[in-house]
Amino acid sequence: MDMKTLLLLIALAPLAGSIVAGLFGWAIGRRAAHVVTIAGVAVSAILSLKVLSGFVFGHAPVFNEPVYTWLTVNGNTYSVGFQIDALSALMMAVVTSVSLMVHIYTIGYMQEDPGYQRFFSYISLFTFSMLMLVMSNNFIQLFFGWEAVGLVSYLLIGFWFKRPTAIFANLKAFLVNRVGDFGFLLGIGLILAYFGGSLEYRDVFAMAPQLAAKTIELIPGHAWSLMSVTCVLLFVGAMGKSAQFPLHVWLPDSMEGPTPISALIHAATMVTAGIFMVARMSPLFELSDTALNFIMIIGSITALFMGFLGVVQNDIKRVVAYSTLSQLGYMTVALGASAYSVAVFHVMTHAFFKALLFLAAGSVIMGMHHDQDMRNMGGLRKYMPITWLTSLVGSLALIGTPFFAGFYSKDSIIEAVNQSQLPAAGFASFALTASVFVTALYSFRMYFMVFHGKERWKLNVHEHEADAHDEDEHHHGLGPNDNPHESPWVVTLPLVLLAIPSVVIGYLAVGPLVYGDFFNGAVVIDAIKHPALLHLGEEFHGATAMALESLRSLPLWLAAAGVLAAWIGYMKAPQLPDAIRRRINGVYVLLVNKYYLDELYFAVFAKGSRWLGNAFWKIGDMLLIDGLLVNGSAAMVASISRLTRRLQTGFIYSYAATMILGVLALMTYWFAPLILR
Amino acid sequence: MSFTTVVFYILSAILLLAAFRVITAKNPVHAALFLVLSFFTASGLWMLLESEFLAISLVLVYVGAVMVLFLFVVMMLDIDIEKLREGFWKNFPLAGTIAIIMAGEMALILGSPEAGLHTYPARAPLSADFSNVRELGVLMYTRYMYATELASVVLLLAIVAAIALTQRQRKDSKAMNVSEQVAVRAVDRVRIVKMAAAPVDTAATDEDQPQA
Amino acid sequence: MNWATLNLMPALPELFLLSAVLVLLVIDMLLDDERRGVLYGLSLATLAGCAAMQYLAWTPVPVETFQKMFVADPLSGVIKFFLYGVTAAVLIYTRQYVADRQMFKGEYFTLTLFALLGMNVMVSASHFMTLYIGLELLSLALYALIALRRDSVPATEAAMKYFVLGALASGLLLYGMSMVYGATGSLDIATIARVIASGNGNTVLLVFGLVFLVAGLCFKLGAVPFHMWVPDVYQGAPTAITLMIGSAPKLAAFVFLTRILGQGMEALLSQWQGMLMIVAVLSMALGNLTAIVQTNIKRMLAYSTISHMGFLLVGFLTGNAEGMSSAMYYAIIYVLMSLAAFGVLLALSRAGFECEKVADLKGLNQRNSWYAFLMLLAMFSMAGIPPLAGFYAKFAVIRAAANAGMVPLAVFAVLMSLIGAFYYLRVVKAMYFDDAEEDAAIEVRADMRLVLSLNGLALLALGVLPQQLVALCMTAVKQSLTSL
């Protein structure tokens, strides 16, 4: 099988599965629907691993070819093409393998759902879209994949479309993402306008160095660096998709979707599309320090402040969601420090352990009969041993325990930021280090509340908060006399399979991926201006040494302190958090209300745009369009059709007369000079 | 103006007048007869072009066969031609104006010096032993063989179409089909119905009884 | 004439088709009504045979035979392949419909095949005489097919209108041809082109004839102001026959146009370009605007046809290879779209019920979501919504016009396609957002289900992957019109 066929197969197998399950799901039944989609994704995953192994165990040549030319306009070709290098191969492998796990898990999780086939069709469609995004070799296809994953995400957040909260959440995700996409599209527009008219990465990157010093005047009199404007605009797109402050507000609400989706789309893959995109565009971003500083600031704010919010959440999925936000902040900071390989490395490790945590959370939710409130849980380790162990592994990986996957990526990011010489690095370094403590705190708060302590559902304190999905039809909760039970094997198997890479992948991959030459050619770093990664490489002496050295470093002790704090607060002295809460009530209220950002957006943007929309509607629609254009043109159309209807009498002779008149008119027009002479 | 030109204009005038009467005549028989007249004058025009064979076949085929058949049909059927021509006179002024403008323009265009019809040389007269039939025959079966064959296909199609549109089984026909009568079986004629020995509902029995 | 040198190979498909029709005529006599279905199978087999013969007779360069009255070139080859396919689809779609309406007679099949033969002759004609005979062969068969359901008053009336107006159009066409003959002294298309190009033709006579030729051609296409028959005939004819009139003959008409104007009168481009531009503008405007107020979907599709022919002319009148091939692409896509749309109407019709009102489609999605989806594809494609084939077709003709410097025409075409989208979307709205008014089961034969589904999906496939077909059209046009 040649490379082209192989790649086409990788991309199209999930699409085929999706089409079959989506269009013919009603005919083939539930079982066949999941068999066919899983088969499609499995083919894709196996072949992706094969492609990746070509890059890992040998230096496979970069594949960069169009596979299909859609159209050619004025010499510009718009084609579907694949650029497969180390970066995209790694992303493909992560996307397809996590997707495969989620597919399998879904069999158990969605067992009783009436939209079973629809769900499988959606997640396979998502896999296809995400593959198109990462495999693209041009901006058009990137944008297609970008929008397609957004669309599927929208559909899946609102999967339970009868819940008002789900509809609200998916609309919110959709609108917030439009803000990001607007910036992204503007960025692509600038590239189209200034980079020689081609939208292929290859051509654009080749042009970039010549344009490094070029300035443009978007507002007359203010000359801005073209590269900075373009990069910041592109990054605005990444902020929307990767939920960076202040466009992060949609991600926690997206937890309204089924849990497998939260794992696949809102933790492991889609939200990392922004990170991937910036890494892919490294030849552009390297040329703009302004953009890199901007990225680092945004990333640090996200990492620290979203972590705080995780501490006060009681919904198990929301804790993981805020943790995802915070981790995305880490990745973004790594991008800002020009440590693209570290960012992508964290994308990979995070994909595994965060998918694991989400799926474990889903397993807990199933065990609790769809109760998501951690205040009703406790002591679950007795009843759900596999879920308990795998969750522990995931949490350890997340907080950066040495030798676990998260440790290597996270520690590398912090080190890279410390080495960065950009002005924003100081703040970023502080924010990331501080949030190590926060991460450990909320992770183990969740862990202890769920798996240890009293079996609180037996206390029958079902005091639901308003946001705990009371309208949820799946929401039953566990009675005081019931006991949770371990989930079926289709649920635990993916947990175990994800737990393995969560432990070992960091140890195995950190050397070649971050400090080796794996990404050479795939990402570009200006080593003179941004030497962080270079310095890091000089200090790296192997994975084991790195883990041992960390014993002497601050982050590890901060993490340990976080775990300890969680243990004291939620195991040893449960009254303590309440006491603290009372003491600093103002801060608590601020956190519970998520810094009032939602309220701000509602008051300013939602209300403002509704007011604007209303005004446009009144003036534009009612007066101009309806009044003049629609009604006016309708009146015109009506009068024209009255006229033609009068001609269309149904009598042959009037038809014949029309024809003759037509001939007469043509003849008169063409021979007017001859006749009139 | 040569003699043939004078004849041409006379024949053309008659032809146009006859054609006009075909569509204006109140009596369908008159209309058919005017059509015959127009065919005759048209064949006269062929004659002027020395195409005797075409002229004669026009008379023989159209006047001799087609129109006679047509007259029979017209005379036998009682067609209310007035109804078909409803609104004819109402629209006539407009149609007439258009026709006059059209004819006028065509005359202006074709008669203009730019059209240069007068520069076309007059055709040399044919020799006495020139055979129209022979020339036509040769052309039809050599140069225009394909077109001739196609024309025959058109005729075949016309036959098929005419039969398809007119042939119908008459429902009131009393004709007997002997082979069908012979081939008939008992079950086709008699149906034995099993009935419960219950009080007879007259309405139901009527329906159940085969209407032999 | 020397039989040894008569090359019958290029005309193989036509010879086979004619022989098959004759055989079918005889077989029909031997069949009783119960076994009439045999003819259906034989007709499809005939079409398959024709396609096979066409494959054998394929030629990459123009080959003439029958004393230069017949030409086989890539243009005719490609179009003929589509003619066979479209005719087969028509037969499959209409099978149940005609059986329900006492039209399932031998003549139905023979007349259809005669019409196909007529189209084949037109497509391969290199002489005005064969062009005309082919046209008459097609028209006669169509007149008869429309009237085949004799007891239907609207059908008879439609046939009558089509016949009378068709005769008038033929008269105009013949008059135009005689003028061209007078100016050039030949009816052979290549000779005419040569004489005109050499400047020996009488220009006044030629342009005078051209006016009548354009009028006759536009009648066949159904372009304004020679369109009056289209709505009445589309509505009056049984839906099966409407499908037949609205599909394959448009392909033949396109080639007819190409042979006369593109090949014969190529040197008069500047003259006929202007005439066609007027016709195209009027067609797009009147077709789209009038379609909006129609409630009968057959009539609506008739007006939509008129506007589509306007679009086709937009591409054609550029007179260059890009425009002509885009017009050819448009014709093919148009035929596929109308096949799909009428196919769904036929699927929804049943004995005693004609699906011909927009209201009849209400709630189709609830009744059968697959047919609703196919209709959606057809409507979206006709409206020119990407990524369906109709979009690319419109895009191609408009781009060709813009590239040829006719920007105002291109802008006008875009505007008209926007207005046109409205009434197609009305159908979609009825199918998806209105409640069903009836719940009769939709029963469709398996062969039709398959072909109709493929037909609908082809609209999607050709929109996403148009390049192959576009390239094919380009090659066909370039190889056949050697002057381009």
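First residue shown is number 1, and so on along the chain.
Just so it is clear, glycine is given a Cβ too, placed from its N, Cα and C backbone atoms.
Note that the structure is predicted; figures quoted are calculated from it, not measured.
Feature annotations, reproduced from TrEMBL:
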{"type": "DOMAIN", "residues": "C:125-419", "note": "domain 'NADH:quinone oxidoreductase/Mrp antiporter transmembrane'"}
{"type": "TRANSMEM", "residues": "C:38-57", "note": "transmembrane segment"}
{"type": "TRANSMEM", "residues": "C:77-94", "note": "transmembrane segment"}
{"type": "TRANSMEM", "residues": "C:106-123", "note": "transmembrane segment"}
{"type": "TRANSMEM", "residues": "C:129-148", "note": "transmembrane segment"}
{"type": "TRANSMEM", "residues": "C:160-184", "note": "transmembrane segment"}
{"type": "TRANSMEM", "residues": "C:241-262", "note": "transmembrane segment"}
{"type": "TRANSMEM", "residues": "C:274-293", "note": "transmembrane segment"}
{"type": "TRANSMEM", "residues": "C:300-321", "note": "transmembrane segment"}
{"type": "TRANSMEM", "residues": "C:327-349", "note": "transmembrane segment"}
{"type": "TRANSMEM", "residues": "C:370-393", "note": "transmembrane segment"}
{"type": "TRANSMEM", "residues": "C:405-425", "note": "transmembrane segment"}
{"type": "TRANSMEM", "residues": "C:457-477", "note": "transmembrane segment"}
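By the Cβ criterion (under 8 Å, sequence separation of 6 or more), the transmembrane segment (C:129-148) is in contact with the transmembrane segment (C:241-262), since 3+ such pairs are found.
Residues 9-13, 16-17, 20-21, 24, 27-28, 31, 72, 77, 80-81, 84-85, 87-88, 91-92, 95, 106, 109, 112-113, 116 of the same chain sit 6 or more residues outside the transmembrane segment (C:38-57) yet have a Cβ under 8 Å from a Cβ within it. Counted over residue pairs separated by six or more positions, the transmembrane segment (C:241-262) shares at least 3 Cβ pairs under 8 angstroms with the transmembrane segment (C:327-349), which defines the two as touching. Against the transmembrane segment (C:370-393), the recorded stretches C:77-94, C:160-184, C:300-321, C:405-425, C:457-477 differ in Cβ pairs under 8 Å, and the greatest number is found for C:457-477. Through the fold, the transmembrane segment (C:327-349) approaches residues 75, 78-79, 82, 86, 89-90, 93-94, 96-97, 100, 239-240, 242-243, 246-248, 250-251, 254, 258, 297-298, 301, 305, 308, 311-316, 355-356, 360-361, 364, 371, 374-375, 377-379, 381-382, 389-390, 392-394, 396-397, 400, 442, 444, 448, 451-452, 455-456, 458-459, 462, 466, 469-470, 473, 476-477 of its own chain, all at least 6 residues removed from its boundaries and within a Cβ separation under 8 Å. Non-local neighbours of the transmembrane segment (C:106-123) in the same chain are 13-14, 17-18, 20-21, 24-25, 28-29, 31, 36, 39-40, 42-43, 46-47, 75-76, 79-80, 83-84, 87, 90-91, 98, 130-131, 133-142, 144-145, 148, 244, 248-249, 251-252, 255-256; each lies 6+ residues outside the stretch with a CB under 8 Å from one of its CB atoms. Each of C:160-184, C:300-321, C:405-425, C:457-477 was scored by its Cβ pairs under 8 Å to the transmembrane segment (C:77-94), and the highest score goes to C:457-477. Distant neighbours of the transmembrane segment (C:300-321): 221-224, 227, 230-231, 233-235, 246, 250, 254, 257-258, 261-262, 266, 269, 272-273, 276-277, 279-288, 290-291, 294, 327, 330-331, 334, 338, 341-342, 358, 382, 393-394, 396-398, 400-401, 403-404, 406, 409-410, 413, 416-417, 420, 423-424, 427, 474, 477-478, 481, 484; these residues of the same chain sit at least 6 beyond its ends, with a Cβ under 8 Å from one of its Cβ atoms. Using a Cβ-Cβ cut-off under 8 Å and counting only residues 6 or more beyond its ends in the same chain, the transmembrane segment (C:405-425) has close neighbours at 277, 280-281, 284-285, 287-289, 291-292, 294, 300, 304, 307, 310-311, 314, 318, 379-380, 382-385, 394, 397-399.
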